[in-house]
Amino acid sequence: MENLKKMAGIKAAEFVTDGMVVGLGTGSTAYYFVEEIGRRIKEEGLQIIAVTTSSVTSQQAEGLGIPLKSIDEVDLVDVTVDGADEVDPNFNGIKGGGGALLMEKVVATPTKSYIWVVDESKLVEKLGAFKLPVEVVQYGAEQVFRRFERAGYKPAFRQKDGQRFVTDMKNFIIDLDLGVIENPIEFARELDHIVGIVEHGLFNQMVDKVIVAGKAGVQVLEANK
């Protein structure tokens with residue numbers, strides 16, 4: 001599995017050229033993309049500026065000597081490469097398993113070419129088997145949680161080291177065990193209107209390419225947007 005992730009990450013780096021502003025994703029597959037960008041800077045003299053989607057990725061990039069700016073210091077991002085937890089045939093996806101969904105979506109929004117790197121196990125017919133992360137402000141988080149309980153969404157506060165997980169933006173994450181999301185577009189709209197929710201892990205019709213590594217090799221799927 002790790003080898004498949006590495007293959008996808010290295011393939012994605014082929015879409016990066018000199019002079020670009022590059023969004024560096026978060027997670028186990030995006031990790032290999034960041035490593036490859038670091039190698040190209042060191043060995044090939046690749047010249048880019050990068051923005052990151054989490055404190056973890058920032059630390060990785062700094063260790064590799066990748067020059068960084070904040071998202072507010074750039075107007076547009078040429079290409080962002082990130083992982084995904086599930087991708088359906090309509091190129092809707094669930095992200096946020098690593099807890100960085102808000103920053104990931106902030107960086108994805110001004111990106112010209114948004115690419116996901118996944119192994120073939122992440123391709124699904126319908127979203128929802130992977131728990132959907134919902135980032136909520138700490139104030140009133142129990143109110144949102146109880147609302148989800150009443151709706152039958154089987155919510156659970158994400159935990160880390162025996163305490164509630166806190167995101168880089170100092171929010172909580174509630175994971176929803178939905179099983180199947182029949183209409184991701186409609187469900188995203190519902191979540192967007194709930195006060196206290198900062199962001200959710202449904203990334204619908206945002207991605208331009210999905211790089212999939214499998215037993216047969218690496219393929220690049222083009223989204224029909």
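The backbone N, Cα and C atoms fix where each Cβ goes, glycine too.
Because the structure is a prediction, the values reported are computed rather than measured.
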- Identity of the substrate-site residue among Lys11, Lys112, Lys122, Lys126 (reference: Thr26, Gly27, Ser28, Thr29, Asp82, Gly83, Ala84, Asp85, Lys95, Gly96, Gly97, Gly98, source: Swiss-Prot): Lys122
- Message: If you count CB neighbours within 10 Å, which one among the binding-site residues Lys95, Lys122 has the smallest count?
- Response: Lys122
- Task: Give the three-state DSSP assignment (helix, strand or coil) for Lys95 (substrate binding site).
- Result: coil
- Task: Identify which of the binding-site residues Thr26, Ser28 has its Cβ surrounded by the largest number of other Cβ atoms within 10 Å, counting every protein chain shown.
- Result: Thr26
- Please state how far apart, in Å and to a whole number, the two most distant Cα atoms are among Thr26, Gly27, Ser28, Thr29, Asp82, Gly83, Ala84, Asp85, Lys95, Gly96, Gly97, Gly98, Lys122, the recorded substrate-binding residues. 16
- Query: Which are the residues of the chain, Thr26, Gly27, Ser28, Thr29, Asp82, Gly83, Ala84, Asp85, Lys95, Gly96, Gly97, Gly98, Lys122 excluded, whose CB is within 8 A of where the CB atoms of the substrate site average out, their centroid?
  - Reply: Gly25, Ala30
